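K.L.:
Copying in the features that TrEMBL gives for the protein in this structure:
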- 23-43: transmembrane segment (TRANSMEM)
- 55-81: transmembrane segment (TRANSMEM)
- 101-124: transmembrane segment (TRANSMEM)
- 145-165: transmembrane segment (TRANSMEM)
- 185-208: transmembrane segment (TRANSMEM)
- 238-260: transmembrane segment (TRANSMEM)
- 280-301: transmembrane segment (TRANSMEM)
Amino acid sequence: MDRVLFEICQENSKTAFSVGYQIVYLINVVLSVTSIFTCSYFIKTFIWNSTFHPNFKLLLTMYFFAAIFHSILFTVSYLMMIERFLDYQTECDIHMSMVPYMMVHSSIAICLFCGMLTQVFLVIERFFATLKIESYEHNTSFRHILAYLFFCIVLPVSLLVWAYQDADYRSPVITAISPPKGVEFRLNILYIFCFSLAILALILLQIIRYVNKKRESRIEISLSGRFQIVENIDTTTFISSILIINMLMSVIYIVGTFSLRNFEFDVFIDDRAALSTVKLIFYLHPLFSFLMPLISSYHLSKMRERRLKRREHLLAIKTKGREGSDAYNQLLHDQWQQHFLK
């Protein structure tokens with residue numbers, strides 16, 4: 001064994017057995033395991049039982065499944081580390097074998113980029129729902145489903161094949177979330193590309209929300225169109241919260257890892273274990289997977305409450321006699337007044 005590899009083995013072994021690194025890793029594992037159950041519950045309760053458009057339900061399901069698979073793979077990566085602890089004899093025994101590392105890391109990368117692109121296509125789907133306001137409720141086909149599957153699965157896999165074409169999976173690593181050597185430059189380009197798409201998607205989302213808010217009081221829109229407008233307003237608010245939190249965590253991760261990689265900090269010069277621990281702290285995807293179903297459940301619960309209040313309000317309106325006539329005239333007056341104020 002050459003001296004350089006032996007030194008790497010010593011550093012990585014020290015990192016893997018350090019208390020701080022294990023505490024941070026274990027916290028992320030707890031968040032990941034919890035998110036597997038909360039995301040699964042959210043899919044079953046809030047997505048599959050919802051009245052959302054089939055295209056939106058498909059994309060939302062894919063988005064949460066990407067988070068579930070990432071959490072499973074992250075947990076598997078930790079269990080593989082525990083297995084190496086049990087078989088540990090020399091410093092280099094702490095490193096992952098090439099084939100398991102390649103399989104788990106590639107799968108984690110696919111989950112992350114599928115999630116990133118799916119959230120962009122959630123916005124694009126709402127854009128089409130806004131364009132076809134009168135007919136979108138009945139506008140779905142197998143062709144649309146195939147298109148979304150292609151753009152949210154095949155496209156990110158193709159981009160990762162490009163980014164990982166020079167990957168060296170023989171790199172000595174202690175966890176599957178660490179990228180192999182040879183991918184850093186293209187992977188940074190891919191991160192910047194996806195982050196730029198997320199910013200554009202967030203801007204488009206605010207435009208979509210504004211347009212639907214303007215349309216909300218127009219009296220010539222059909223009942224089907226009104227339902228679609230209300231759904232567009234509710235869902236854009238919900239998607240915005242996910243996008244903003246994801247972008248915030250992405251900024252923290254990108255800026256944090258870039259700073260640690262490109263600047264020398266005195267505190268880490270003689271303590272590589274502390275440096276690896278801080279890098280792991282910046283890996284916020286388990287935290288996002290944990291928060292996402294909680295925030296989403298809150299928004300969709302509020303959405304259900306608003307719909308129930310609208311229904312109760314309509315049922316409470318008198319429909320017969322003088323009171324019914326006055327209530328109907330007041331509704332017409334309010335609608336006309338809102339329409340001409342636009």
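Keep in mind that glycine also has a Cβ here, set from the backbone N, Cα and C atoms.
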K.L.:
Are there three or more C-beta pairs under 8 angstroms joining the transmembrane segment (185-208) and the transmembrane segment (280-301), sequence spacing 6 or more?
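P.N.:
In this chain the transmembrane segment (280-301) does not contact the transmembrane segment (185-208) - fewer than 3 Cβ pairs sit under 8 Å.
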K.L.:
With a Cβ cut-off under 8 Å, give me the same-chain residues at least six positions beyond the ends of the transmembrane segment (101-124) that come close to it.
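P.N.:
Apart from its flanks, the transmembrane segment (101-124) reaches 56, 59-60, 62-63, 66-67, 69-70, 73-74, 76-77, 80, 148, 151-153, 155-157, 159-160, 164, 169, 173, 176-180, 190, 194, 197-198, 201-202, 204-205, 208, 239, 242-243, 246, 285.
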K.L.:
How about long-range neighbours of the transmembrane segment (55-81): same chain, 6 or more residues beyond its ends, C-beta under 8 Å?
P.N.:
16, 25-26, 28-29, 32-33, 35-36, 39-40, 42-43, 47-48, 94, 96, 100, 104, 107-108, 111-112, 114-115, 118-119, 121-122, 125-126, 129, 140, 144-145, 148-149, 152-153, 174-177, 235, 285-286, 288-289, 292-293
K.L.:
Can you tell me which parts of the same chain pack against the transmembrane segment (145-165), counting only residues 6+ beyond its ends and a CB-CB cutoff under 8 A?
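P.N.:
The answer is 54-55, 58-59, 62, 106, 109-110, 113-114, 116-118, 121, 125, 180, 183, 186-187, 189-190.
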